[in-house]
Amino acid sequence: MPMFTIHTNVCKDAVPDSLLGELTQQLAKATGKPAQYIAVHIVPDQMMSFGGSTDPCALCSLYSIGKIGGQQNKTYTKLLCDMIAKHLHVSADRVYINYFDINAANVGWNGSTFA
């Protein structure tokens, strides 16, 4: 059930159509979770600043049931910052990623929860 969200001030027209699918596949590989459970949400055209500058930036969140913590987060950060730089042209030093390890009982899907 990993959910990855990117809020960015990059305009929608500059977001490649392929990015959703590529993020899904790369997150599936990195987390070891099936692609069919991974959700990606890109929110472009946001009024944002980072360090007082409105140059391209991104504020991101990765939620997952497990697979969050320590070295895993460093691996995800490298992967995601590289992809954001490649596809959205946002420098890695203008990206924050917050990680959330969610209890399975607190995630609803398909009429129930994952617990």
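Note: Cβ is positioned from N, Cα and C throughout, glycine not excepted.
Positions annotated as active site, proton acceptor by Swiss-Prot: P2. Applying an 8 A CB threshold to same-chain residues 6+ apart, the list for P2 (active site, proton acceptor) reads L27, T31, K33, Y37, I38, A39, L62, Y63, S64, K67.
In the three-state DSSP scheme, K33 (substrate binding site) is classed as coil. The annotation substrate binding site is assigned in Swiss-Prot to K33, I65, N98 on the grounds of similarity to another entry.
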